[in-house]
Amino acid sequence: MEALLQLKGIDKAFPGVKALSGAALNVYPGRVMALVGENGAGKSTMMKVLTGIYTRDAGTLLWLGKETTFTGPKSSQEAGIGIIHQELNLIPQLTIAENIFLGREFVNRFGKIDWKTMYAEADKLLAKLNLRFKSDKLVGDLSIGDQQMVEIAKVLSFESKVIIMDEPTDALTDTETESLFRVIRELKSQGRGIVYISHRMKEIFESCDDVTVFRDGQFIAEREVASLTEDSLIEMMVGRKLEDQYPHLDKAPGDIRLKVDNLCGPGVNDVSFTLRKGEILGVSGLMGAGRTELMKVLYGALPRTSGYVTLDGHEVVTRSPQDGLANGIVYISEDRKRDGLVLGMSVKENMSLTALRYFSRAGGSLKHADEQQAVSDFIRLFNVKTPSMEQAIGLLSGGNQQKVAIARGLMTRPKVLILDEPTRGVDVGAKKEIYQLINQFKADGLSIILVSSEMPEVLGMSDRIIVMHEGHLSGEFTREQATQEVLMAAAVGKLNRVNQE
């Protein structure tokens, strides 16, 4: 089968790092090509070379059989290559039609916008995707899943023959994910080629035909998905066998450190639980169950309306995140780009941001040597891959950004570490490193709350698990009691079993 798109022998270097070396990618009509690799493997760089954001240093790009060079996103888009980014590029205050045709509106012979034609054409695009809503609806009124469908419709408006989807299900519910897969099947039947970038093995084996593996900027293999197992694919990605995906540390927790009684706040209703020294407490539940809200109320990022919290026997009142930090409670957000990191600042500045008091003299000036030493120690301990501590953190891979976010929390010397979706958007190799770090914190006596939507992660890493349902605690289970079935029953409200200490 002749490829719609071929990239061969692609090289791309930046100061101090070779991002791509001999990388290759083929996209075939009517097939979905998964592009996988650890964070930092070169997937994003390859997409930027393909769409003309970066100029390649070497290699060839064949588009519909002809050697081509795209001068920028506009030229690749007009040629028929569409990309749907992880962060959606839509304007909430405009309608669907206005978003789809932004900058290329239909005009009548008087030079005015032809709204009737524009909405009719947008409705046709939505109908192609079997969507039930009309294009006069505001994008801000749509769910994230439906907004993603608008992005696909926008790509189709350019008559795109190849569509690139970057982590498309990251913020979707299970129902929205199934809708996306239905649309992908529809696009395949129209002969379009799809590049599907994802860390989620289940999705790759469900919806992709072929897979291309990158490792350290190099092309490793192209295979039919049907010829692989999850283990063999992971082995190609990381270059080694992952013997134990969730390396649980069997060490008995100590005395009760944190006690939460009848906590209430926005989205949180009468929640009570305990957390021991050197314990990993898993928090499970469906999207919207109130897990993140509970953590934010506990930390001080959301207001507490009632309830009582003690830490090491002393009452803790957190009216702001500063109160949480001052009391030894650290929260690492699920949305590191919005709440966790300052992307324009360096690795060093991000890591030491909340711990500057430890590096300050009485007059307020910084002890730069102490700060640099501490940051250097954490970079080494956490195996953060960065050319230097002065590198802008926005240029690091997702896994390395997450390590910096966790390191920043630990710099404040906390007693309780709350990790909200710590491995979201992180590849399998970096996940394993984060799990090993969590075990190290546990061994050092740190109390850890692990909030995760990945049930195997919660089951694999936790000593004890609590489950949230509609703002309430619907279950509490020991490691031995917990199974996927039991946790899911509690998550949907079919089971209510809470054993308070």
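Keep in mind that glycine also has a Cβ here, set from the backbone N, Cα and C atoms.
Within 10 Å of the C-beta of Gly42 (ATP binding site) there are 25 other C-beta atoms, taking all protein chains into account. Residues or ranges marked as ATP binding site in Swiss-Prot (evidence: sequence analysis): Gly37, Glu38, Asn39, Gly40, Ala41, Gly42, Lys43, Ser44.
Marked as domain 'ABC transporter 1' by Swiss-Prot on the basis of sequence analysis: 5-241.
Per Swiss-Prot, domain 'ABC transporter 2' is recorded for 252-495.
For the binding-site residues Gly37, Gly40, the greatest number of Cβ atoms within 10 Å around a candidate Cβ is found at Gly37. Of all the binding-site residues listed (Glu38, Ala41, Lys43, Ser44), Ser44 has the fewest other CB atoms within 10 A of its CB.
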